[in-house]
Amino acid sequence: MAAGGAQGSGGARLLVCFLGVFVCYFYYGILQETITRGTYGEGEKQEKFRFALSLVFVQCIVNALFAKLLIQFFDSGKTDRTQSWLYAACSLSYLGAMVSSNSALQFVNYPTQVLGKSCKPIPVMLLGVTLLRKKYPLSKYLCVLLIVLGVALFMYKPKNTGSGGDEHTFGYGELLLLLSLTLDGLTGVSQDHMRAHFQTGSNHMMLYINLWSSLFLGAGIVFTGELWDFLSFTERYPSIVYNIMLFSLTSALGQTFIFMTVVYFGPLTCSIITTTRKFFTILASVILFSNPISSIQWVGTILVFLGLGLDATYGKGSKKPSH
């Protein structure tokens, strides 16, 4: 009975984590597009937002403050013994993955970038197996394969051979995506190591990774001079400050659920949730805007739901209890 109650509690917690990540990052995506793709000013003086590093810097600061509040109210009696260099390494790989992914958009189109990032569970699993000697049940491999394949099919769009304008060979963009995926895997390995050896709490993980990220990004935007251009831009268009703060708040809430998922279920489950979140966001867009779904996309839909269902039922069969 106790085991059944524990499984029920774990299932409810996983559902809360999934819904938290989905809702927060659904609005996060809308705000991100509003900020980065919107035009500011009128007539010939219209400007675009060009300060990606500064935006992430504000985001990391708010994340760290939010995590500090959570620790103050919920984890004040818990001592964190995780070594600082692990947080620093994890933040470097995390930032490197973000920068590589965003830079790839200069060379490949957005669907290619999203499709590449949808394979994130693969490096998390491969590096977990090779570096940490971690063992996953065969069912976990099959679930990840089904989910990645389903997302890939859903996002796949046949190339229009008649247009001829979107042709490109394997180059810098694809290499940057591979680098981003590798760094994603290293981030997952670092988080797994912290959980296994130091029982790192989700709020402490969120606080210190974002503090280190803020330190690295702060040095970067001061060194490049982007900080002063960003502040000048917000002075010219003060309305953007509201969107940036709301964007950062949804990021902080989303990261709370992400780190909670990492601590209780591991980085692989977290990567599965974040990958399928993209799928559900696109699916919601299709429903809301009445966009047609092709037969291939319906196959992808079925595969994703099948993978999620099988993972919930069999994916944790040999997993040891979390401390």
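Using the three backbone atoms N, Cα and C, a Cβ is placed for every residue, glycine included.
Quick look at what Swiss-Prot lists:
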type	residues	note
MOTIF	319-323	motif 'Di-lysine motif'
TRANSMEM	15-35	transmembrane segment
TRANSMEM	51-71	transmembrane segment
TRANSMEM	85-105	transmembrane segment
TRANSMEM	136-156	transmembrane segment
TRANSMEM	169-189	transmembrane segment
TRANSMEM	205-225	transmembrane segment
TRANSMEM	253-273	transmembrane segment
TRANSMEM	286-306	transmembrane segment
Touch test for the transmembrane segment (85-105) and the transmembrane segment (253-273), at least 3 Cβ pairs under 8 Å: no
Cβ pairs under 8 Å between the transmembrane segment (205-225) and the transmembrane segment (253-273), at least three: yes
Same-chain residue ranges lying at least 6 outside the transmembrane segment (253-273) that approach it to Cβ under 8 Å: 10, 13-14, 16-18, 20-21, 24-25, 28, 63, 66-67, 70, 120-121, 124-125, 128, 136, 140, 143-144, 147, 184, 187-189, 191-192, 195, 200-203, 205-206, 210, 308, 311, 315, 319, 322
Mean of the pLDDT scores, which run from 0 to 100, over the motif 'Di-lysine motif' (319-323): 41
